[in-house]
């Protein structure tokens, strides 16, 4: 079994030393879904929410969060992202919104956590903006879809 890299031989948490690793192109894609009442979905879809453009604000929040991942997750390295793209898919039949985030950098460690953080904060922002009309929204299916780069190469869910 592979050991957890964020713990030393005595079991103490530490930030992994990536100083000796070559900088390579890194890419990660994550996704998640938020389900809501049909009336709430209509507000989001039609842009009729009194707080403004729900998806536009969620996009900016997701981008900002990805850039702050190292500040939120204790053992993450600060990463100079070269790209963070956020896409929304409106799932009419489910009254749901799917968010996908793609993070890229040229670095010594991966960007999976940045993509996952972007997705989570984007979904939480949608929840925050819509909670006054629908407290029963459900965030689900947050996961890494793919990662590429570094020693471990390409991985896909």
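Note that the numbers count up from 1, one per residue, in the order the chain is shown.
Cβ coordinates are placed from backbone N, Cα and C, and glycine is handled just like the others.
Residue 128 (active site): 15 other CB atoms within 10 A of its CB, across all protein chains. The active site feature in Swiss-Prot is assigned to 128; the stated evidence is sequence analysis.
Per Swiss-Prot, the feature substrate binding site maps to 75, 76, 77, 113, 114; the stated evidence is sequence analysis.
Under 8 Å, Cβ to Cβ, and six or more positions away along its own chain, residue 114 (substrate binding site) finds 28, 66, 67, 69, 79, 81, 84, 103.
The sparsest Cβ neighbourhood within 10 Å, among the listed binding-site residues (75, 76, 113), is found at 75. The substrate site, placed at the center of the C-beta atoms of 75, 76, 77, 113, 114, has further neighbours from the same chain whose C-beta lies within 8 angstroms: 69, 70, 73, 79, 109.
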